[in-house]
């Protein structure tokens, strides 16, 4: 559950208004002038591929161009986003390594005088090519400067000191955070808002478990002032801090379990993958382009698999990434109703990605990649080690069979399953999302979202469930005076499938029950696959149901196997959940992309963000749902598949004070793409291939 952008994670608030200038100086994260950045190869990187992100030098050039651009001469806009303006897709598909690099352009979203400026810049000529002022609803992503300014305004507000004192605290005892407000009507028009909530940090680093219930400050971000102060919870005690510290200390009491010895996968000959020019990954039969993105976290592009029979490089996907996340909380109180976050479009999955923790987030054999992003003043900064690549082996088999018949003589065949994982983790406030793209040698891609971190909790006067009548609370108790509020997580992925080329068709293979009417055998019923080709967007919308099972194929009707089957990939759902909110509820209007689990739209380079380009405080007028209702033709077209992965979370005591990781996945699996099992001739592993690792004598003696 990624919720909001946490001010305290960069710079915990530790005093009154007199320190605000010092606090603000911590934003944005350290720029290129800092020592932290100087180690990175990104400082001297040059683009090698049309999809490479903007380099440090290019970001400086864009800033210089904007600084001398006439409409911005008097006042430089706050840069909310700056990315590579990717070349036309057909030109990228026609480009090969060694060709001259395609023209480089930058796309900038800037905020000036409460207007969103959308600017495209040609980096070679140094000219602004297009400049549009958005007329739709919504604002661009918040910057860290926005968040810092809002928290500064809130902690300096006199009413906060009064409310803190009423609870026996001073403002210096508080940590304050700034969740987004959603959108709930005309009274919120014309101004960018943030809600600020505060917690007691006394006695614990896990202040999330110690909320000042009912205290909400609404801040006008641009005016830097509190415009609404609400405190309805002074009679509710602040939960205690006992047993909330989740940090490791050598002196901690050990858990009541047998210890697990350290485990590591060793590669005596080094990893099997290579990373060329910073972004091009090659491993086994796979090749793809990988880059960090300030909004999506990371983007996988130009995914190609080599056919093990022919050696041909065959396209699978042009571009894939998490497009939006929606996290609604199920409480309608004044201090809770607005908590319905859209983490990618409001705060950025890359902007909130912290460095991965070696040996714990990623194994010893991992390769790390940085992200180069842009702060509000248009200068570059680094998110170091935010992506890791590693090979995974856990003793699983890629395929196996044992034959026990006498004639077979006891055949035993198995092949080890080794996969390649690209991983990142974002910490948007209390929740941490880990996103994996896992590539298998049999052509399958598995995409996993894992959740951990702290619950968003509500303080209560009760310290035991026996005191609660008529299920009045909006979640179960997870500790004394602490309610874990029920909530959902939805992650919608943009998957621009190019199965053996851009022109694809979406096919629903419905499993239909047939009756054995003739009665020639005792069987009374059976299942029969019935293919349905989706001709329009409406045909392709899918609500998953166990009792109406289907397979969902993206096929290339022009590419046939030797048996006449169209080449394809299918999306394979695993555990999932659907939004149960009313479609007219404001949060659901904005997040209508969760109304279905599968959508298919014709490719349109302007339709990448399921919640709209400008998501913050948007009204839901530029979403995947709106685009899909144009009901365009999609048969034998360049199409995009959208898949929404969902979680319902009813908290429990095991989630306190920090929750164990929970994960869900879906797969993109070849279906008639290869002529036979593509790893049939994979080599088995033998003892002689591996080093022999044994415990030391001292360890054995223990």
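Yeah, the Cβs are placed from backbone N, Cα and C, and that goes for glycine too.
These numbers come from a predicted model, not from an experiment.
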- Pick from 15-52, 53-90: which stretch is listed in TrEMBL under region 'Disordered'? 15-52
- Task: Please work out the number of neighbouring Cβ atoms within 10 Å of the Cβ of residue 431 (2',4',5'-topaquinone), leaving out its own Cβ.
- Result: 27
- Students should find that the Cα atoms of residue 343 (active site, proton acceptor) and residue 431 (2',4',5'-topaquinone) sit apart, in Å rounded to an integer, by 11
